[in-house]
Every structure is written in C-alpha cells, then in structure tokens.
Amino acid sequence: MGVEKIKAAFENGKKAFIPYVMGGDGGLEKLKERIRFLDEAGASIVEIGIPFSDPVADGPTIQRAGKRALDSGVTVKGIFQALIEVRKEVQIPFVLMTYLNPVLAFGKERFVEKCLEAGVDGIIVPDLPYEEQNIIAPLLREANIALIPLVTVTSPIERIEKITSESEGFVYAVTVAGVTGVRQNFKEEIHSYLEKVKLHVNLPVVAGFGISTKEHVEEMVTICDGVVVGSKIIELLENEKREEICELIYATKQKEEA
C-alpha cells in the first residue's frame, strides 16, 4: 500500500494513465461506480478530487463538477466513506487532489487517518507551497502516503530539484501556464521542459493539465512516464462516452510496447 503501490504503476517501463474524477459529482454511489469502471478499463491510478469552494488551479469543467458536488451536500467525510467501501472491491491506487483548506478544516491528523482507512496511496495539494510542506508532510511520511509535488513550466531547475528531492510517488509536471482544462495543442517548449524535468528528477514524471485527445496522450507519453486527464474525463463520464475513455487508456498503453 501507499508509496510502493504508486511505484508499481510505473515499473518495467509501464506508462501510467491517471484519470481524474471529482468526488461526489453525481453522488457518492456514482463515485464508487466510476472508480470501478476506471479500474476495469485499465487505468493505472485514479485521482479523486475533493470539492472546494475556491479551486484556484481548476479550469471551468472541474470547477463546475466541484460546485455540483458541493451543491448536492457532499462532504469530505462522505467521500472518505465512499472510498472505504469501494476500496474493498478494487486494487487501483488512489491519489487525492485536495486544496489545503479542506484538510485543515477536517483536521490534518484525522485527514491522514481517514486516508489510511480508505487505502489512499498519495495526495496532491496544489496550493501548498514547498516551503510550507511540513504542515502535513511528516504525517503523510509516517503513514507511507506519497505527497506528490507539482512543478511548472516557470519553475527554475534548481527549484524543481529542491521540490522533488524529498518527494515520493511521482512528479506532476504541469504542462500549461494557468488552470486545468482542454487545449488544442502543446507548444514546442513544453517538450523541452518535460525532457529537462525528466533529466533532473529521480521519480517518474507525469504530465497533466490540458491533455484531452489520443494525440495529446501519445505525444506526452513518448516524453514522460504517464498522463493525468481531468477535464476531458469529467466531460466524457458526464456524457456517458466511456468508450472514448477506453481509447485514451489504450493510447497510453500502446506506447509501452513501442
């Protein structure tokens, strides 16, 4: 469980496909059902969003999903309960994407305890600066839960090395400046940025933000170790276009054999 389980998703040249689902969008039964579907479809890790009223890193699609979840009365406690229940049925690693505020409001010790109970293997906190990681990092380390770092196009290499030196799991490389969301294409400099990150860190590098097509997936996994797809997954789940999700997963796995 925990850090080792995330490591296993990248072993032997495996390319990781990491779909993002908003916890409680459509209800908690829907969350469990979607996790079961993504596990069966061959996703490597599932990223579960904790809805928050001020989601600074989220684009419009994810913001709307979070608002739907909050409007329906979904709570952090409820999401943990759903994860505890579905964990009995699936082995796929769970990574939580949460802003710092919900963690502190819930109580950080209690939050980490619930992560353990629900079989959460890693967490991403996009608004937690590296300099303030000690707010939660020691508790997570003790629980063998990875605190996954985000690096951006504008991060100098020295900072990337510093941020990732004590990290575990994988490095989340943000591929665009700005918020999440669907994009048409990626600029050339993104390629050199990802190659630079790969060169300077000792963890798998996963690209995320704006990845929405098979072409994007193929492009990104030739350079790095996996992709996170968020806004597009929410859109496809909402419109019941699940075969397109399977195609994105297939596009990732094809690159393992290349």
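Backbone N, Cα and C atoms are what each Cβ position is placed from, and that goes for glycine too.
Keep in mind it's a predicted model, so treat the numbers as computed, not measured.
Swiss-Prot has this to say about the protein:
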ACT_SITE  GLU47  active site, proton acceptor
ACT_SITE  ASP58  active site, proton acceptor
Length of the line joining the Cα atoms of GLU47 (active site, proton acceptor) and ASP58 (active site, proton acceptor), in Å: 14
DSSP three-state assignment for ASP58 (active site, proton acceptor): coil
